[in-house]
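Per TrEMBL, domain 'DUF112' is recorded for 19-437. Per TrEMBL, transmembrane segment is recorded for 20-46, 58-79, 107-129, 136-157, 163-182, 194-214, 355-380, 392-425, 431-450, 471-490.
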Amino acid sequence: MENIILAFQNVVTIENVSLILFGTLVGIIVGALPGLSVNMGIALLFPITFAFQGMSGILMLIGIYCGAIYGGSVSAILLNTPGTPASAATTLDGYPMAIKNGEPGRALGISTFSSVFGGLFSAACLMIVSPLLAKVALQFSAPEYFALAIFGISIITSVSSKSIIKGMMGGIFGLLISTIGIDSMTSHLRFTFGSIYLMGGISFVPVLIGLFAFSQALLTVEDAYGEEAVKYNVKLDRVFPSIADLKRIFFTVLRSSFIGTFIGAVPGTGGDIASYISYNEAKRWSKHKNEFGKGAVEGVAAPEAGNNAVSGGAFVPMLTLGIPGDGATAIILGALMVQGIQPGPLLFTEHTSKVYAIFLGLFVANAIMGILGFSSIRLFVKVVNVPKKILIPIIFTLTFVGAFAINNSLIDVFVMVFFGIAGYFLIKFDFSMSAIVIGIILGPLAESNLRRALVMSSGNISIFFTRPISLFFICVSVLSLVAPIISAFIRERRLEVDNFKA
């Protein structure tokens, strides 16, 4: 209780609440615009966090994260085009309710209520579960940390790309980038090629902006080329859900919040997976199955509660183990590290007030999201009409300014552009940007603890297999890489058998 009171005093200030409000507003706008993404929004405003002391900048990023997931439902409902992948399932019933049934306000209201409920529910679960998991993680030593880092990288690489091989290549590429610079244990130079700039390693922030923002901006330019702007005009009816709707969706929203929180806590998953599973479960348990696909209220509520509940769940492995749950929390993890805060079990003993500030920040961000959603939804509907020819120059400007402002260095700008162009082509070939970033973040953790563990065991690698926790993580890592290959083989065999029978 003492920590909660202290966090409340730190978070509920004019500056911090204003920054959360700003972040949530920006997040909703970014999420509502098809072609932009949660990761892009956070990456673009990442450099701004350097201007603030303490947790202020981090709280702003949390606001963007929560707001962007919700914002994706606006275009999903009104345009049948999800603003973010997490809102793809919302189109199945949101668009029919809004357009075919002529109830856009009702659809947006149900979406807003469900999003806020899911976000608050997952924040409460985060506050309860994280301290308990952190106590277990305090038993970790070098072998466990190495195995944990490998687990995080393997999980991300196995689920974040269409091809397990490409996912692994992305993770390895990130690991290689993390080795550039001065060796932390021997002080030897590695892969610097005589460059003074590379002696300190490649700066994380320009790489982040390049991979998540600049590359996406290039893709948006490509998609928008020759595209005619379509104006969307709609008159909203009542926005706040009726009592009858709230009664009908309550258990659906509660179930979906459980699903989203659990899925969010599994590294490498995300809101898109949570939303589809929540939608399928809502349909399975519904008494009105025939309404699904035609504007069912449960079909709007379930995916939005599920994908917004992912936000709190994704913070569980990030805060307790230092393993980000998705790309957005990977960026926030990087922001914490830049502030000198290392996520992991020691975070709860060394920076207790900051941990609870994150907990409370999620509550405040979701509450503000609800207020903005119900009071300003007509404004967000107009945002959908903003032409991409206006947005794209703004995005490019922010990427260049953000990369330069970190160290006032043009080299950082060149690094950002290089990784942005590289990211553009990598995305074209279905490589995962999240796998690369996770490799960069967890690379130093894996390398340093590998070497410490080998020092502890006098070079005997059996130390990783004789300690239960490290053995568990190694086994799960191998399973996560092998399971997709085995499942693909089984599918092919079944298909061959079916074709043979036919």
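Each Cβ is built from the backbone N, Cα and C atoms, and glycine gets one as well.
All annotation found in TrEMBL is predicted automatically rather than curated by experts.
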Stretch with greatest number of CB pairs under 8 Å, the transmembrane segment (471-490) reference, 58-79, 136-157, 163-182, 355-380, 431-450 candidates: 136-157
Between the stretches 20-46, 107-129, 136-157, 194-214, 392-425, which one has more Cβ pairs under 8 Å with the transmembrane segment (431-450) than any other? 136-157
Other parts of the chain folded back onto the transmembrane segment (58-79), taken as Cβ under 8 Å at six or more residues beyond its ends: 11, 16, 19-34, 37-38, 41-42, 45-46, 48-49, 52, 85-88, 90-91, 94-95, 97-99, 104, 107-108, 111-112, 115-116, 119, 232, 234, 271, 300, 304, 307-308, 310-311, 328-329, 331-332, 335-336, 339, 357-358, 361-362, 364-366, 368-369, 372-373, 377, 380-381, 383-384
Okay, the transmembrane segment (194-214) and the transmembrane segment (107-129): do they have at least three CB pairs under 8 Å, pairs separated by 6 or more? no
Maximum Cβ pairs under 8 Å to the transmembrane segment (355-380) among 20-46, 194-214, 392-425 is reached by 20-46
Other parts of the chain folded back onto the transmembrane segment (20-46), taken as Cβ under 8 Å at six or more residues beyond its ends: 59-75, 79, 81-87, 205, 208-209, 211-213, 216-217, 219-220, 223-224, 327-328, 331-332, 334-335, 361, 364-365, 368-369, 372-373, 380, 383-384, 386, 388, 391, 395, 398-399, 402, 433-434
Sequence-distant contacts of the transmembrane segment (163-182), meaning Cβ under 8 Å and at least 6 residues beyond its ends, amount to 153-154, 156-157, 188-192, 198-202, 207, 426, 429-433, 435-444, 446-447, 481, 484-485
Mean pLDDT, the domain 'DUF112' (19-437)? 84
